[in-house]
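In what follows, a single structure is set out as structure tokens and then discussed.
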Amino acid sequence: MQRFNFSAVSEFVLVGLSDAPEVRFLLFVLFLLIYLATVAGNTTILVAISTAPRLHNPMYFFLGNLSLLDILCPTITVLKMLEALLLDNKRISFTGCLLQLFFLIEVVGTEILLLAVMAFDRYVAICHPLRYATLMGARLCARLALGTWLLGFLNSLLHTSLVFTLLFCDSNRVDQYYCDIPPVLALSCLPTHGRELVILTVAGVLGGSAFVVTLGSYIFILSAILSMKCSESRHKAFSTCGSHLAVVCLFYGTTIGTYVRPSSTYSPHRDRMVSMLYEILTPLLNPVIYTLRNKEVKHALRRVVRSALTRK
């Protein structure tokens with residue numbers, strides 16, 4: 001019978017991206033610039049939406065929520081990574097690891113649901129334009145947004161409790177630059193198959209439901225666009241939905257590759273690269289994707305910039 005040396009783990013050690021000081025400094029500068037650009041881009045969108053009356057509608061209300069999530073997601077993981085790169089401090093307390101994983105899963109779960117809500121909003125706008133103002137009222141939009149945050153919170157609470165009520169062995173080395181479900185589960189000495197099954201089931205139901213809503217919405221949207229006789233209307237509809245569809249594909253592709261699989265297939269090197277896509281690059285690209293294809297947002301952003309320059 002195999003014996004395990006159980007211990008009360010008080011802290012974890014995160015695996016950095018590099019141990020070479022010169023490489024660490026270059027990575028620090030790179031990720032700091034990316035993080036600052038991400039925060040600046042999404043904050044600018046939030047300011048534009050809040051200050052431009054023409055953007056006070058459901059589509060941009062949900063886009064504002066997405067920008068907020070895109071600020072929170074890299075903040076949760078990148079700040080600790082920057083500390084590790086600059087100060088070579090890879091240690092994180094048990095509580096710090098728990099909170100990092102909790103907030104990360106909450107943000108990811110909320111964003112998956114929010115993208116489904118945004119797809120439904122576009123479906124109503126394109127397939128039922130005359131009833132859009134009535135169906136997507138301010139009260140319903142607020143409830144939908146609040147519901148995504150609440151379900152994301154409950155989903156994260158369940159996942160975090162399943163992971164951090166495990167018993168860990170002497171090893172506290174997390175094979176990732178932040179605390180995530182697969183590498184933390186790998187530290188447990190006890191079998192985790194039952195918990196993994198629950199995690200995969202809940203994630204499958206939550207993510208699968210959101211995916212069905214998103215896919216169904218875009219099937220109806222595509223059908224409605226193709227049936228339009230006016231080419232200008234088709235172009236406008238494609239332009240409006242193309243940005244959201246690009247964000248959906250990028251986000252779903254990376255998160256499914258990270259979470260919807262058993263921990264036995266976990267590969268530290270591959271997963272570090274995949275996680276960077278949805279935690280660092282996706283929040284950076286979202287403002288670019290939306291502003292490049294959206295004239296209203298670009299117009300509002302120009303007004304924000306002109307207003308800032310005038311004040312100076």
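Glycine too: its Cβ is placed from the backbone N, Cα and C atoms.
Record features (TrEMBL):
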DOMAIN    41-290  domain 'G-protein coupled receptors family 1 profile'
TRANSMEM  25-48  transmembrane segment
TRANSMEM  60-79  transmembrane segment
TRANSMEM  99-120  transmembrane segment
TRANSMEM  140-158  transmembrane segment
TRANSMEM  197-225  transmembrane segment
TRANSMEM  237-260  transmembrane segment
TRANSMEM  272-292  transmembrane segment
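Proximity of the transmembrane segment (140-158) to the transmembrane segment (60-79) is established through 3 or more Cβ-Cβ distances under 8 Å for residue pairs spaced 6 or more apart. Mean model confidence for the domain 'G-protein coupled receptors family 1 profile' (41-290) is a pLDDT of 84.
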